[in-house]
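These notes concern the structure reproduced below.
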């Protein structure tokens, strides 16, 4: 005769075994249900690299614009496309709108030419633009800007005139 403890253990083992068999059957069915997809053939592109034109602003000489791209290839679906682009308005356009330079301080005034010069080194080029590594710019010497104290004295004069008009 078997003890009740032994029978209880046997029932638990049988239940665990049946659960294990059920899980195996479910996994096998799920794998059988999956269809084997034929591998896609990797098609090597006969197309060349995209070559992009410079960014042409929609209006003015900076801001939003477009650029044209072309590529070669006998079996290319697309050989031309247009892309939106942007030319920053704070860049010096005389060196190319897609080239950003880091400039040094202005040099001393050359008395022979009456010009100051400074040099800029290339900081960044947009869209693989063809930019010079260094550039030099010049400007006339001697034009002094108005200092802040003069501007403050003008404000005081205007305020004084306003008060005189109010008194009249």
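Along the chain as shown, residues are numbered 1 onward.
Cβ coordinates are placed from backbone N, Cα and C, and glycine is handled just like the others.
Among the ranges 123-131, 132-140, the one that Swiss-Prot lists as region 'Chondroitin sulfate binding' is 123-131. Each residue contributes its Cα atom, and for residue 47 (disulfide bond) and residue 89 (disulfide bond) these two points are 35 Å apart. Distances between the Cα of residue 99 (disulfide bond) and those of the disulfide-bonded residues 62, 76, 141 are shortest for 62. Note on proximity: of the disulfide-bonded residues 76, 109, 131, the one nearest residue 89 (disulfide bond) is 131, by Cα distance. With a threshold of 8 Å between CB atoms, the same-chain residues lying at least 6 positions outside the region 'Chondroitin sulfate binding' (123-131) that come near it are 52, 54-55, 67, 85, 87, 95-96, 98-102. Of all the Cβ atoms in the protein chains shown, 13 others lie within 10 Å of the Cβ of residue 76 (disulfide bond). In sequence order, 115, 116, 141, 142 constitute the residues six or more apart from residue 109 (disulfide bond) in its chain with CB-CB distances below 8 Å.
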